[in-house]
Amino acid sequence: MVFSSLLFMFRFLPVVLLLYFIVPRKFRNAVLFFTSLIFYAWGEPKYVFLMLFSITVNYVSGLMIHRLQKDDRNKQARYFLIGAVAVNLLLLGIFKYTDFILGSINSLGAEIPLLKLALPIGISFYTFQAMSYTIDVYRHDAEVERNFISFGAYVTLFPQLIAGPIVQFKTIAKQLKTRKETSDEFVCGLNTFMVGLGKKVLLANNIGVLWDTVSGMPLGELPVLTAWIGILAYTFQIYFDFSGYSDMAIGLGHMFGFRFLKNFDYPYTSKSITEFWRRWHISLGTWFRDYVYIPLGGNRKGLSKQLRNIAIVWLLTGIWHGASWNFLMWGAYFGVLLMVEKLFLLKYLKKAPAFISWFYTIFLVIISWVIFAFDQSSSIFLYLKSLFGLNGNALFDSQSIYLLYNNAVLLAVLIFASSKLPCRLAARLIAWLDTKAGQKTLLAEVIGEIPQDGEFSVPAPRKVRRSASSMACSAASFLLCNGFYIIIFLLSIAYLVDATYNPFLYFRF
Amino acid sequence: MRNKLTIAIFLVLVFGLTAASLLKKPVEFSENENRYLAQMPEFSLDSLFSSDEDKKFTSLYETFITDQFVMRDQWIRLKTYTERATFKQDIKNVFFCSDDYLIENYPAGDFTSQTAANNISVLGQFVEQYQEKLGENGVRVMITPTASQILKDKLPPFASPYDQQAFLDSVRSAVGENVYLDAAATLSGHKNEYIFYRTDHHWTARGAFYAYQLWADSLGLEPWQEKDFNITEVSDSFLGTVYSKVNFPNKADSILCYQPESAKMNYRLTAFNGTSRDSLYVPSALEGKDKYTFYTGQNDPLISIQSSGPEGTVERGRKLLIVKDSYAHSFVPFAANHFEETFMVDLRYYNQPLSQLIEEKGITDILVLYNTENFATDTSIPKMLK
């Protein structure tokens, strides 16, 4: 099941909300666990057992590692850790990578039959989550979880189950035991969810149509302008799709009292590739940093080791995105760029005018999406050549102009929406209205996220006498806040009812 | 307080729409979309664990919810309004054109696919086979381009729909110059007339009439002229399939009825299920949504028409077979005036061997009449050779 569907919003969600808020607090994890299993089983009735197996393995390993360590049997604890990690990776390997490896061997002349297993949806996400728990227990970074239901709820939590963010156990361990569902949290969650829904349904899906049009044309015959319009469309599609999905997950989390960490932080405003990867799919980057890069020694064992570690992490990041050579190339591309920046470029980028560093970054990111988008290397090179006019095609034709003006409004909205501007403007406007009205502004309400320090509101407002104008400002601020989200919601429903086009991009992750 | 109100609005929307869509009685048929909507699927363990998306309970249920969502048509209209508000010139491959035209574009892939290439080669063999049997002039092929090809002047600026001419050229070279009828050229010659519907993917009776003249000429038959017909507008409220696709208010189309004026003609039309009537037109269709079926009714596996009339009209002993899609329905009222018997076969539904029909009925002339899109994508074309 995906969030951006009528099935989720008008069947699943109301049932979960009802169940969750009427049962006593101690049963709420159980509600989440079982509804999440249904959420998963809806699309994958068979693979739900695979997920339960993975949960059990990690749950038992956690318990055993904890007990063995308490008895000072560290060696045995280590065996359990290695065993658990091996099982996790084996599951991932069998279901995601076997055919890729066999296919690659076959291309060298062998004839091994492929397994042809369907990829269990979300396996890359939940395996990483479950694994992080076992490792954290071993490293004493997380408490052992004795309650199977709570642990099950953590792994299967439907908001982040199939497309992330990858939530580390230690970040929500406390919330699994004690969390408070408040109306502030709920409203913040709602707003974040609506923003995500709009990003996915209204922005990503629509610009995706443009990308489909362009990528469906003969790639070697694309005029330069058409090729750029196409890859720009894909650049926006992948960001709004993925970050929209993360926003919906984070929003739903808030509704049930969970605080997941931010997964995207305006990545297209970055001024270096290093910064881009601190802003793009943050939970994945953090995972690889905590469980691969730092254990390998990170940057503390000399430059050559550091470069080696970067290479390993980025090849893994690449192949995590899908079992195909282009994802490996994509990872390697970023690995090389990051090494170059580490070695010398970063200090120049910091000194350069902001526009130059930004342009450098966005240009390289856009090029990376060409590698990401096609799984045939011949298509990648054909497209790259078309981008730079090396196929001998025209600079533009009438169709390029048509595609450009036909999507001009949408493209302008996308550019605006990927900058920090809308958020800042809205926050200013609402805060101004609220000051006039003499009421406190809920930052959460305005920017759809709760400040990390847990402060919800701006400092207490000064008392203003109730007057007609202050009441009007109060009403205006309320209407602006809610009207925006309601419009997004209604438009999204309209687009979903008309669901001729609602692809889900992450089945390969 | 403000929070509570926000939450209340959300809950009312979600639970309200959920309740409304649960309580709403499922609609069987959507007039607007001209198709049967999905119904509540039957539950079984087999369908639950099926790996076939089309049989899987969960995906069928999701289609059911979407198809039956409360106020479906209004939501779809809201979407179209939104898209138009962002100055989009096409929606779902439908261009919003000048003179109130909605023109559908078909993707390049339809014409460059394996099916398309295969259909052309099947047609080539078919023509060769029956030319041997019925003589040089026994077979004619007319593949008619759709509105996006002929009414290019009406498209939004810079719009470049797929150019169907290359496809037509390969049809021409597969069937031979003598057999191929260049409907594209004829229709282009009349592009400023009302030859395509504004809201439907078919040609109008007038468009079909010009094509008929081209065909009759090529057979050496003397084509009827416009003055030979009494032309009446029988409906001015036809909103066709292209309209349904975008569901956006548009000027409606008119349906024209061509009745022979000077000559008294008699027809006997027999449908596949054996029912027959003495008119080529179906006035009751004008009360429904799909008013195009005014012309000889719905697509039927086999329709036969017996014609008789005064001297100089029907040619004794000549029997025509039209292998066709729905474009032929507004064409046949003209063609039938020349033949003692006219048969229309729709290969999508007709499952007997075509050769047998040709043999048994003593067919003397064959016309293959399709529009480009249907001919390129129809997978039943190979049945021609059976």
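Residue numbering: from 1, along the chain as shown.
Cβ coordinates are placed from backbone N, Cα and C, and glycine is handled just like the others.
Going by TrEMBL, these are the annotated features:
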type	residues	note
TRANSMEM	A:6-22	transmembrane segment
TRANSMEM	A:48-65	transmembrane segment
TRANSMEM	A:77-97	transmembrane segment
TRANSMEM	A:147-167	transmembrane segment
TRANSMEM	A:222-240	transmembrane segment
TRANSMEM	A:307-323	transmembrane segment
TRANSMEM	A:358-384	transmembrane segment
TRANSMEM	A:404-423	transmembrane segment
TRANSMEM	A:472-497	transmembrane segment
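Nonlocal intrachain contacts for the transmembrane segment (A:358-384), taken as residues 6+ away from its ends with a CB within less than 8 angstroms of a stretch CB, comprise 215, 219-220, 222, 227, 231-232, 234-235, 238, 267-273, 275-276, 321-322, 324-327, 329-330, 333-334, 337, 349, 352, 391. Here the transmembrane segment (A:147-167) touches the transmembrane segment (A:48-65). Their Cβ atoms form 3 or more pairs under 8 Å, with each pair 6 or more residues apart. Counted as Cβ pairs under 8 Å, contacts with the transmembrane segment (A:222-240) are highest for A:404-423 among A:77-97, A:404-423, A:472-497. Sequence-distant neighbours of the transmembrane segment (A:48-65) (same chain, 6+ residues past either end, Cβ-Cβ under 8 Å): 37, 40-41, 77, 80-81, 83-84, 87-88, 91, 95, 120, 123, 126-127, 130-131, 133-134, 137-138, 144-146, 148, 151-152, 155-156.
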